[in-house]
Amino acid sequence: MWLLILFLILSLGWNDAAPPGQSRIIGGFNCEKNSQPWQVAVYHFNEPQCGGVLIHPSWVITAAHCYSVNYQVWLGRNNLLEDEPFAQHRLVSQSFPHPGFNLDIIKNHTRKPGNDYSNDLMLLHLKTPADITDGVKVIDLPTEEPKVGSTCLTSGWGSITPLKWEFPDDLQCVNIHLLSNEKCIKAYNDEVTDVMLCAGEMDGGKDICKGDSGGPLICDGVLQGITSWGSMPCGEPNKPSVYTKLIKFTSWMKKVMKENP
């Protein structure tokens, strides 16, 4: 039950402000400005909902469990409250959740025995292409399998505290490691499949949290995953988080983008 709750709250909007001077995703730091130019803030109406990644001037990827209506996105943002020179606002014309993802988990807020969170990936088609600048850039899809032990970076505007939700204005980054899927299988009763990646720190203290869903997992400089689900409280020892394994979906993403220019 706690895992399902976190899976849902990872994609809920910001409601609280971070205390002054605190700069953590969970155990992270303020990202250097414009160091993550592919990072996207996905909004439901006017409320931040999830993270996302710009993979083409007209396409953003995020988590399928962020599925909603009336999306809009911000590109080139570091601080969500300030006017910034590279910031670009775009509306979304259409969303494409992966057909293999079980949307009933989200719609019914329940999970039947045997269900899992496989295929937690969605494409968002922008009404107007992004302008590529120093602050807004695309990142390539992976071409090779990630290696266990790789140093990874994940980012987002999610909660900086593990239970009492407090949200930063500035984009947060945290360095973690890619772990074997067996680590996550051992940590959770929920099924961890071959279309998922396991990443975090077994000692705890560094993790994604509420609001980070759909954001990037970049390992050794390569986009390899999208934030999907984890435990609550965030950042607990022996409870790494789970990410969608993008290399398993490159053919599907390219097909959708080609058929919907």
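Heads up, the Cβ atoms here are built off N, Cα and C, so glycines get one too.
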Selected from C66, C152, C173: Swiss-Prot disulphide partner of C219: C152
Record Swiss-Prot, residue C31, disulfide partner from C173, C184, C198: C173
Nearest-integer angstrom distance between the alpha carbons (Cα) of S213 (active site, charge relay system) and C31 (disulfide bond): 17
Cα-Cα distance linking C234 (disulfide bond) and C184 (disulfide bond), given in Å to the nearest integer: 14
Around the Cβ of C209 (disulfide bond), the count of other Cβ atoms that are within 10 Å: 32
Secondary structure of C184 (disulfide bond) (DSSP, helix/strand/coil): helix
